[in-house]
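Engineer: Let me give you the structure first, and then I'll get to my questions.
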Amino acid sequence: MSHPQSYSGPAFLSYGFRPFFMAACLFAVVIIPLWMLIWTGGLTLQSVLMPVDWHSHEMIFGYGSAVIAGFLFTAVPNWTGGMPTRGRPLCAMLMLWLAGRIAVFGAVPLPWGIVVSIDSAFLLVLAVLVAREIISGKNWRNLMVLVPVSLLGLSNLFFFVESALVGQAVVSRRLGLGLVIFLVLLIGGRIIPSFTRNWLNQKGDRHLPTPFGKFDQLSLLATLPALVVWVIWPQTLSAAVLMCLAALLQTVRLARWRGLSTLRNPVLAMLHIAFLFAPVGMLANAAAAIGSLDASAGLHIWGIGAIGGMTVAVMMRATMGHTGRALVSGPVLNLAFIGLIPALLGRLFPHVEFPGGVTGLDLAALFWTLSFALLCWKLVPWLAMQRQDRKRPTPLRSR
């Protein structure tokens with residue numbers, strides 16, 4: 001459904017993906033070098049959170065929430081046929097997100113309660129706005145997306161409380177990460193087979209991906225207890241068994257979407273590859289649960305591979321589609337995605353030393369930053385400018 005062309009403000013605020021994808025990309029370029037400075041003692045953090053908590057919080061609730069907001073502010077109007085959030089209301093949401101980043105970093109000294117209130121408000125307001133649009137549009141089939149988004153907002157609040165009471169927000173860190181992974185499984189499980197089906201149809205290929213159905217619903221439901229047990233009791237046999245089962249189910253889902261056929265189309269292949277890191281991370285968490293692997297491995301396979309990869313792929317595709325460009329990534333954007341692989345490998349082997357005293361952790365930070373710098377190079381001008389054509393944007397439908 002097309003929307004009335006009543007908006008006459010800056011292109012940057014014409015659609016939700018523009019400011020929030022730009023903010024997410026720029027934030028990703030800055031946040032890891034900043035973290036390395038803090039980690040190595042080159043910069044003193046003034047946050048209400050401990051340094052490790054600040055790092056994990058900003059990756060999950062800073063970067064992650066910006067991408068989620070950009071996606072939902074763009075997808076929900078397509079789902080419901082309603083008017084998108086744009087102009088001043090969209091700018092106000094962006095400022096609220098930015099205020100959270102400044103407050104949590106401690107750039108301006110503020111009491112704990114004020115910091116928590118500012119930062120927690122963003123996701124909770126986002127959930128309310130999305131709920132209003134979905135309910136008013138009677139788009140009940142997509143109401144489920146509200147559950148993880150609302151819980152993510154609450155887990156952000158719990159993060160601060162746990163950090164203040166216990167010293168480190170270990171449980172809330174897993175809760176936030178688990179909720180974002182569930183969103184990857186939920187939304188990725190809808191858009192990946194849909195986009196792949198559309199592309200194969202255009203190619204005249206009759207062997208199409210299996211659309212989202214009951215098996216997907218059951219797989220998601222079966223994954224929930226695995227995530228819950230892992231969040232609360234990560235070092236247990238139950239967590240290991242449930243994570244293995246969830247990994248199997250999600251791998252079967254992925255195998256039904258004809259991923260190998262998309263290798264000729266990097267924009268599509270990226271989505272399949274990123275989704276694969278979700279079950280791989282589950283297996284890593286299962287191994288960590290029985291003491292066979294360091295617990296940080298699964299966290300970073302999810303964080304860099306699944307969430308980093310999926311968000312990069314979605315931001316690329318959505319930006320190209322909604323700004324009137326062909327869905328062709330090209331060498332620069334391909335490198336932006338590929339760079340996440342050495343970033344992940346470096347983080348999995350952080351203490352390996354290379355000539356010149358460079359460690360795996362250093363390379364992880366370097367490749368992550370370079371990947372997002374390349375992404376910014378291509379996407380930021382597109383996000384700031386008007387569409388190249390007058391055609392309606394490619395919908396981000398969850399079919």
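Each position is counted from 1, following the chain as shown.
Each Cβ is built from the backbone N, Cα and C atoms, and glycine gets one as well.
Relevant sequence annotations retrieved from TrEMBL are reproduced here:
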type	residues	note
TRANSMEM	20-40	transmembrane segment
TRANSMEM	60-78	transmembrane segment
TRANSMEM	90-108	transmembrane segment
TRANSMEM	143-161	transmembrane segment
TRANSMEM	173-192	transmembrane segment
TRANSMEM	267-291	transmembrane segment
TRANSMEM	297-314	transmembrane segment
TRANSMEM	326-345	transmembrane segment
TRANSMEM	365-384	transmembrane segment
Engineer: Name the range, of those listed as 20-40, 60-78, 90-108, 173-192, 297-314, that has the largest tally of Cβ pairs under 8 Å with the transmembrane segment (326-345).
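Structural biologist: The stretch with the most close Cβ contacts to the transmembrane segment (326-345) is 297-314.
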Engineer: Do at least three C-beta pairs under 8 angstroms join the transmembrane segment (90-108) to the transmembrane segment (143-161), pairs 6 or more apart in sequence?
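Structural biologist: By the criterion, they do not touch.
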Engineer: Report, as numbers and ranges, every residue of the chain located at least six residues beyond the transmembrane segment (365-384) whose Cβ falls under 8 Å of a Cβ in that stretch; write 'none' if there are none.
Structural biologist: 11-12, 17-19, 21-22, 25-26, 28-29, 32-33, 35-36, 304, 308, 312, 315-316, 319-320, 323, 325, 330, 332-333, 335-340, 342-343, 346
Engineer: Who are the long-range neighbours of the transmembrane segment (297-314) in its own chain, taking Cβ under 8 Å and residues 6 or more past its ends?
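Structural biologist: Same-chain residues near the transmembrane segment (297-314) but 6 or more away: 24, 59-60, 63-64, 67, 71, 173-174, 177, 180-181, 184, 188, 191, 267, 270-271, 273-275, 277-278, 280-282, 284-285, 287-288, 336-337, 340, 343-344, 347-348, 364, 368, 371-372, 375.
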